[in-house]
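> Pasting a structure here, questions to come.
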């Protein structure tokens, strides 16, 4: 069975239960959450995450493993503002604690960081420093470094940069990788015509065993654009065929696949989630040209 799901919302009083219910309504077999808003530091205490009820619902619906995404505000690549770096370190420690408390997530996806003008090498060294401050030998969750598109001053735009970070970290057995299809395509890798070649390259440079999460997104931009703008499955420059191949790749069957595709609709206040129909389409093997209209009609 393919492990596939999407980003879902953990909110209200139900929290983890709400996230699981939303995922199940999409026909998902895994899902990804933020433990609070991705753009700020406000967090409900662990006791209010409704973990027990959420886990029970997951168990009843055959969901064994979920993914946590660290908030965007963490930037341990920042060399110019010590307070930004320190916030990132402290907050990442807290996210590890919160993710461990969930008991059903083994991976926290992290955007490695941005060097904010100091240069990639300086940024990478700072990320290594931050991860060395955060990681402990007895933690039960991994930090999954996300492959980035190369927008602005992002670090992690190539497999070599990801490998350099991993190699510099003391407890690097606690590091894994989240392979984002849109980001990797936008960074210049030909996942459309030669995904197997790209995967082999990843294996040589980073090691395929570290690939523990997949973000499945189409891209609004051509390969190598360095933009990072997600598109709905089959409606971008990667296309349905390539994404279906990746989702069902025999070397990646155990890896959770998470959709982060955009909501659909002209009215900003009434956009519809695409995940139920996109998951269905990726499972059944046939591209549906009328998908966006069907999503709007939900």
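Residue numbering: from 1, along the chain as shown.
Backbone N, Cα and C define each Cβ position, glycine as well.
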> 97, 133, 146, 293: which one does Swiss-Prot list with 180, 215, 260 for the Zn(2+) 2 site?
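Of the residues offered, the record points to 146.
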> Look at the Zn(2+) 3 binding annotation in Swiss-Prot, where 228, 230 are given, and name the residue from 115, 183, 185 listed for that site too.
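Site partner of 228, 230 for Zn(2+) 3, according to Swiss-Prot: 183.
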> Filter the binding-site residues 228, 230, 260 down to the ones within 10 angstroms of residue 146 (Zn(2+) 1 binding site), Cα to Cα, kept in sequence order.
none
> Looking only at Cβ atoms, how many others are within 10 Å of the one on residue 230 (Zn(2+) 3 binding site)?
21
> Within its own chain, what residues at least 6 apart in sequence put their Cβ under 8 Å from the Cβ of residue 228 (Zn(2+) 3 binding site), listed in sequence order?
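148, 149, 151, 182, 183, 186 - these are the non-local Cβ neighbours of residue 228 (Zn(2+) 3 binding site), listed in sequence order.
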